[in-house]
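For reference, TrEMBL has these:
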type	residues	note
DOMAIN	B:136-421	domain 'NADH:quinone oxidoreductase/Mrp antiporter transmembrane'
TRANSMEM	B:6-28	transmembrane segment
TRANSMEM	B:40-62	transmembrane segment
TRANSMEM	B:82-104	transmembrane segment
TRANSMEM	B:116-134	transmembrane segment
TRANSMEM	B:171-191	transmembrane segment
TRANSMEM	B:211-235	transmembrane segment
TRANSMEM	B:247-265	transmembrane segment
TRANSMEM	B:307-330	transmembrane segment
TRANSMEM	B:342-367	transmembrane segment
TRANSMEM	B:387-405	transmembrane segment
TRANSMEM	B:536-556	transmembrane segment
TRANSMEM	B:651-669	transmembrane segment
Amino acid sequence: MADILTPSAWLLALLQALLFPALAPLLVGWVRKVKARLQNRRGASVFQPYRELRKLLFKEARVAHTASPLFRAAPSVVFVATWLAAATVPLLTIDLPTAVVADIIVLVGLLALARVFLALAGMDVGTAFGGMGASREMMISALAEPAMLMAVFTLAMTAHSTNLGSVIAHHLGDAFVLRPSYLFAFAGLTLVALAETGRIPVDNPTTHLELTMVHEAMVLEYSGRHLALMELAAQIKLLLYGVLVANIFFPWGIATDPTPVSLAIGFGAILLKLALLGAALAVAETVLAKMRLFRVPAFLNLALLLSLLGLLSHVILEVGA
Amino acid sequence: MRIETALAIAGIAVALALGSAAVSLLAARFPKVVRFAAMPLTGLCGVAAILAGLGALLSGGAATATLPLGLPWLPWHVRIDALAGFFLLLIGLVTSAIGLYGPAYVRGLEQGRDSLVALGGFTGLFLAGMLLVVLADDAFLFMIAWEVMSLASYFLVAFQHEQAANRRAAFLYLLMAHVGGLSILLGFGVLASFGDGFAFASMRAAELSSVWASVAFGLVFIGFGMKAGLVPLHAWLPEAHPSAPSYISALMSGVMLKVAVYGFIRLVFDLIGDVQWTWGMAVLAIGSLSALTGALFALMQTDLKRLLAYSSVENLGIVFIALGLALIFIDTGHPLPGALAFVAALYHALNHALFKGLLFLGAGSILHSTHERDLEQMGGLLRRMPWTGLFFLIGCLSIAALPPFNGFVSEWLTFQAALQAWQLDSGVMRSLIPIATAVLALTGALVAATFVKVYGIAFLGQARSRHVRRARPGPWGIRAGQGLLAVLCVLLGLFPTLVIGLIDAVPRQLLGGGLPDAGSRGWLWLVPDAFETASYSAPLVTLLLIAIAVFVVWGLRRVGLRRVRRCDAWDCGFAPPTARMQYTATAFAQPIRRVFALLFRVEEAQVPRDDGGMRHQIKIGDRSWDALYLPLAGLVETAARRVVRLQSGNVRAYLGWTLLTLLVLLWIVSA
């Protein structure tokens, strides 16, 4: 493992890290496009999210009189923590130095860091909607984070490692063994991903009704480049969860050696997997309705239960066998 | 440094603490003596304790001495080893921060009616008691030091005794501290009767049968668990800790609870020695219960100091989860995960001392500037007290276990230890440890919610009352004390490998094996087991965070519009928001209160107000009162009423009882 800390590996990690913000708006555009087609609309181009970000970057940022310095620092912190978290997820290859620097637990911790600053930013100006969004976000995450940890611990215990690269390598080495624990963890992690990225049925990213907002309520006061950073961070988070689900549970195609050919195959494979996942998300968002806020705990308890079942079925059924 | 020197320095630390107590006696005539002599002596005592602790940890040996004090046949024994050194270091770090913080805080009390003699005197005694508990090498000195610590802290809790709530809290504390003390004493009794004497050396050599070892463990767990505030014996803690002056709260929550952890480790891992995995399961269960209960109740509080006190229950729960894992792994023959869990427990104990000390000092500094403890009245303090705001933010991020701060390191280590559960043979243990892990994960997320609430309500937004709007930054001493602890929180988060290299001496000496590979990759990498299994590089994570932040800020300057305009808050174009339209602390916690409604005893009522309006009142009660304390109190009362019948007022009856007792005793002695 130590041999992956080479300059070329770091370069590859840098490339991967840059791919995340580059691809994230595309995934969002793709999901929107598929959704529009499912609803018999033509929809905007898949590149529309890039244009929106560019528009925000060139707009004046407005900051409320009552805002503290934290308000202006928060977008950078949220963006940086989310991006670093994304950089630790194997996108093209499993030999990733950043996955050694920060393992799965650190990944969850970095996402929590971003979330805490997002919630604090929501409360900073002192408006009713900001506090409401922060309160709801922390309630959702309080239930989603343990479910996520349990799901990744199932994988970590199977692979005897909390290093994401090793987890994926272990799964690849398993060939096509179907583990019950993986099924549970997959279901749990998918539900968590929906909740954490603020998608229907937990939150609606396109809502215009303040009283139903969660994520949008926290960024209501942001504008200009601050908002651009917040939006891009949210898009990276969606891509991160997509890659996490795709590459952990369906790792086939990911590069195991750093040759250009296998990297190209890895890139093609992840694009294909993400396109399928994005389409699945669009279908789910079209057929499901957003839940009432107090139905969300039941949804997340299901996620926690599934993940815990995954871990228990692993330690009971699979360890001794 | 030789270990004997470390012991001598520890002795100097005790002497300085006693000197600080003695000097305070003059405060009745010269009130300034506390500020100018007693508090600096406290700080020096902290520095001496740090030096002694570092010396003991670095040398790795043990030194003993016999004092010419005590009973004729039982002189006092003191001993310093790596374990004692670690806790001396912990006490010293918080105490030296208080040495900086105290003078400015005490200044505010010089004009008041409260007795500074009591404050300074009992603070010194309290410190001396804690240091002596850690240094004691026989049960006699241990119990004396333990009682000095308990009694001195009782007087500090009762310091502002004009308020009935403080007197009640202090009495509850005194009562429970003594029940706990009794339990520890009985535990020592079991050990001493098998070990032929009260010296720790003979207890260590004792051969206990498995049953008696379990009895001793049970007594010791109840006794120290009560002092550590483990659920369900925590009821005194959220009452007592907030009542004391703020820096005493920092000492009680940050340090005294750790002295209880020290006692537990000393007796269970060292004196009883031959641990059993069933104890580990009990400790794990109680630890998980404490962590979850503490986190949920902390989230519901609106009194800042009470919230911090409940959060201490939660953190001690985490320490005991890790200790439970250590017990399980050690007894089942897995020394490496055992040592990992043990190191995680010690690391978290140290972290909690630092960030809880920091947060209590921050709460004290808010109290100093605004005379306010109620979160519902606060708001916008970050702009009025920027330094306290910054340090408090560091404390919040640390306690919420966010990378790259120190709380995250100990949580990471605990998770890593729990993830070794696959090595165990028993299916029951293998499946219970993941459940405890889930509880730990849930606790961590709830703590994050709690401290978003605290920081968001107190420091962000707009002031909710006039006196908070007029808050001024505190004097520099108050800021320096918090700054020291904040810097330590950051350093312990950034360089975990160096810290573990230091802590590792404790399991090496106590368990016979530490974490040999922890530092194998140098200070940059934290590797508990093997590089393939798990690794975390806090310095690199921080470096990458900073590098990306610089890149982003630089990029935004190059691309896009840099102009920022100040304007009114938008708030979706409704009326301009006022301070009263903000979310309150109660409102913030409401969704989680609803989700976990079964665990709370919620009383909601409509109370008529003076101006004719109505007031919605919510009280959140602790179910442990109904389930444990009130029935117990009823039982004691019933028993007392039965016993009262003996008190007939007739002298002959009394003499008859005395004779009967004497006969029974004679019969027991002769049998």
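From the backbone N, Cα and C atoms, a Cβ is placed for every residue, glycine too.
A TrEMBL annotation is a machine prediction, not a hand-curated record.
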The transmembrane segment (B:6-28) versus listed stretches B:40-62, B:82-104, B:116-134, B:536-556, B:651-669: most Cβ pairs under 8 Å: B:116-134
Surrounding residues of the transmembrane segment (B:40-62) on its own chain - C-beta under 8 Å, 6+ positions past either end: 1-3, 5-7, 9-10, 12-14, 16-17, 19-20, 23, 79-82, 84-100, 102-103, 123-124, 127, 131, 502-503, 505-506, 508-509
Distant-in-sequence neighbours of the transmembrane segment (B:536-556), which means Cβ under 8 A and at least six residues beyond its ends: 403-404, 409, 412, 493-496, 523-526, 562
For the transmembrane segment (B:82-104), sequence-distant contacts whose Cβ falls under 8 Å of one of its Cβ atoms, 6 or more beyond its ends: 6, 10, 13, 35-36, 39-40, 42-57, 60, 62, 127, 130-131, 134-135, 247, 250-251, 254-255, 258-259, 262, 265-266, 270, 346, 349-350, 353-354, 357-358, 361, 364, 368, 474-478, 480-482, 484-485, 488, 503, 505-506, 508-510
